[in-house]
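Peer 1: Positions annotated as domain 'UDP-N-acetylglucosamine 2-epimerase' by TrEMBL: 77-416. Taken from TrEMBL, the feature N-acyl-D-mannosamine binding site applies to ARG519, THR531, ASP559, GLU608, HIS611, GLU630. According to TrEMBL, the active site annotation covers ASP559. Taken from TrEMBL, the feature Zn(2+) binding site covers HIS611, CYS621, CYS623, CYS628.
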Amino acid sequence: MEKQPGVLTRNPHTVNTWKAQELYYLRMQRIKEKMERGKTEENQYESKRKLKVCVATCNRADYSKLAPIMFGLKNQPEEFELEVVVLGSHLIDDYGNTFRMIEQDEFDIGSKLHTIVRGEDEAAMVESVGLALVKLPDVLQRLHPDILIVHGDRFDALALATAAALMNIRILHLEGGEVSGTIDDSIRHAISKLAHYHACCTRMAEQHLIAMCEDHSRILLAGCPSYDKLLSSQRRDDFMDIIKSWLGDKVKDRDYIVALQHPVTTDIQHSIKIYGLMLDALISFNKTTLILFPNIDAGSKEMVRVMRKKGIEQHPNFRAVKHIPFEQFIQLVCHAGCMIGNSSCGVREAGAFGTPVINLGTRQTGRETGENVLHVRDADTHNKIYHALELQFGKRYPDSKIYGDGNAVPRILKFLGSIDLEEPLQKTFCFPPVKDPISQDIDHILETQSALAVDLGGTNLRVAIVCMRGNIVKKYTEPNPKTFEDRMCLILKMCKDAMQDAVNFNCRLLGVGISTGGRVNPQEGIVLHSTKLIQEWCSVDLRTPISDTLGLPVWVDNDGNCAALAERKFGHGRGVENFVTVITGTGIGGGIIHNYELIHGSTFCAAELGHIKVSLEGPECSCGSQGCIEAFASGMALQREAKRLHDEDQLKEEGMDMKLAEPITAAHLIRAAGNGNSKANAVLQKASMALGVGIVNILHIVNPSLVILSGVLASYYQAPVQHVITERALVSAQSIKVVKSELEEPALLGAASMVLDYATRRTY
């Protein structure tokens, strides 16, 4: 074919090539579009697929926290796929084979791993961690979960977190950020560092996690999952059936103790000692006690030996058990008179019921607690623990929700659903500040809980800050005004000044105690009648105006009664069932303690010891009568006789006249007698005989085991009074000792003791 000029012609072969290429590109475009549509559909499928969650439980305690979450996951099958792994002490017969309760809850257990090396010592714990690390990789590789939920601070949980972290499996850690003061802290914080997400129980735990560099966006403040079940089931109608099934038919609501003590692996010998002292205290306290066996930590075997050596399993007051289902256990804790030990249940779950708790040792040091928890960090004998039982048993505290409000599980499930699996596993860090926890501690109580003590004397008005140990932190003294209005104004001013200083001294004031002369109605806080030394001081309501102004509770009593209370709490009367305190000062007064209690009498004039008559005749007394002890032996009586002798020019020392410029006092009389003045000596012998005879009468009426002389004349009267008792008392009373008080400020200390004994829940 001839080619025409200016006309483009195609080669048939070239045309066919172009068509083939065009078809190829069209076909490739269709394949690419199809692949993109497939990838989009695959991504959509990936975004909608179930989140595969593996829950691993190691013991009965962590299952009580994990079970509510497991039920929540199981009830949402469209969103979550639940896998359950059981290991640790769940599978040991000595600890109750508690895996069965998981099966009873109808959970399918995907894997059971025997990971515990028996021995219950430090080496066995390490070997158990190693055994778990050997067995866990196969299980995790087979299950291939999206996320593993680990609880708490157990060595088994550390093995779980280590294995999952190394296998790039995301970890949600429950109850991280808490502080308990033992090796558990190190394990818990190590797990937190391995974990990618956190569900903590308290605001403080959240702050601790932030301070440990954890990403705030990956921390959920959820509350404790066990509270969800606990708060919803604490008021069961059949609680008495549960209690009786474990403790017998005779037990009563709030009249038994729940004891649960675990070893502290960093100080095993000390924890064994505390455990033995706890058992001794419980035996002495003589209440029905449900005691659970300790956990599997190092030292538990020795603790069980201590329990068996003391015969606890055979003791009629004790019921020793290895395991109690959680639903029943919370009923037993809820209705107990007290819980004792070092279990986290005491400082966490028990607070939800207001159950009194005594936490022993250091295992929960630093953990947040409600006001229901009293700490006993250390003890050399069982007495401190016994005293804590006296303080706590049978009390009820306000319910605490520090660890949860019953809605933790919905929050955790929502948090799980929000996890982006495309998000990188690498953690980011920050360093905010963290606050220290504040908790109730028995040693802290003794140091900081204090009282304002007021002593209204004839001459001076004194106010003091007195701590629980009886130490006077600071004292204020002013002349006692002569009028009622001026006196009340001065009392309030001095108390306000003391309250300001108490803040600087870190003293927590519990109330105001007032010691005053005269007859007092302590029930109403009213001074009924006063001595002549304090003017305008009859029918005075002290409690109402002082309490209303200061915002503190107020107690009022007679100065003699306060001296007896001071001896009972801080002096020779500690632990003495029956004793009498006699004040030998300006007047004569005192107080009687009978069966550990102060006697007031039907009209509040019991123990007016100065007005016991020892003579039908004799000097006139300030009460208007004659022949009272006070008219013979008080400081005023001795001063009166000293002035008489001085006026008669018979108050001499070693033949020298005592022409004194200063006022004559009882001290001059005593000094003259000591230097051989027969007239002065005769006066003092008569006074000593009157006081001694009066005290003999007291011994024959109330039969105390001890007489305590207090006041400025006590050191002089002690020996003569003891001599009179030996000569004139009945044979059965002649051996009763007379001792001199060692308290420098009995009135102030007695006023303080009213506050400290009332406010710390002891009987007054």
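If you go along the chain as it appears here, the first residue is 1 and each next one adds 1.
A Cβ is built for glycine as well, from the same backbone N, Cα and C atoms used for every other residue.
Caution: TrEMBL annotation is automatic and unverified by curators.
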Peer 1: I need the neighbours of the N-acyl-D-mannosamine site defined by ARG519, THR531, ASP559, GLU608, HIS611, GLU630. Which other residues of that chain put their C-beta within 8 angstroms of the C-beta centroid, in sequence order?
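Peer 2: Output for this site, in sequence order: GLY517, GLY518, ASN558, GLY560, GLY587, ILE588, GLY589, GLY610, CYS623.
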Peer 1: What subset of the binding-site residues CYS621, CYS623, CYS628 lies within 10 angstroms of THR531 (N-acyl-D-mannosamine binding site) at the C-alpha level?
Peer 2: CYS623
Peer 1: Let me check the 10 A CB neighbour count of ASP559 (N-acyl-D-mannosamine binding site). How many other CB atoms are there?
Peer 2: 26
Peer 1: For the recorded Zn(2+) site formed by HIS611, CYS621, CYS623, CYS628, which further same-chain residues have Cβ atoms within 8 Å of the site's Cβ center?
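Peer 2: What remains near the Cβ centre is GLY610, LYS613, SER622, GLY624, SER625, ILE629, GLU630, ALA631.
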Peer 1: Check the Cα distances from CYS621 (Zn(2+) binding site) to each of the binding-site residues ARG519, ASP559, HIS611, GLU630 and keep only the ones within 10 Å.
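Peer 2: Of everything listed, what lies within 10 Å of CYS621 (Zn(2+) binding site) (Cα to Cα) is HIS611, GLU630.
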Peer 1: What residue among the binding-site residues CYS621, CYS623, CYS628 has the most other CB atoms lying within 10 A of its CB?
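Peer 2: Output for this query is CYS628.
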Peer 1: Considering the binding-site residues GLU608, GLU630, which residue's Cβ sits among the greatest number of other Cβ atoms within 10 Å?
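Peer 2: Selected residue: GLU630.
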Peer 1: Using a Cβ-Cβ cut-off under 8 angstroms and a sequence gap of six or more, which residues of the chain neighbour ARG519 (N-acyl-D-mannosamine binding site)?
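Peer 2: Sequence-distant Cβ neighbours: VAL527, LEU528, HIS529, ASN558, PHE604, CYS605, GLU608.
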Peer 1: Could you list the residues of the same chain, at least six apart in sequence, whose Cβ is under 8 A from the Cβ of HIS611 (N-acyl-D-mannosamine binding site)?
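Peer 2: Sequence-distant Cβ neighbours: CYS621, CYS623, SER625, CYS628, ILE629, GLU630.
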Peer 1: Looking only at the domain 'UDP-N-acetylglucosamine 2-epimerase' (77-416), report the model's average pLDDT.
Peer 2: 90
Peer 1: How many other Cβ atoms sit within 10 Å of the Cβ of THR531 (N-acyl-D-mannosamine binding site)?
Peer 2: 18
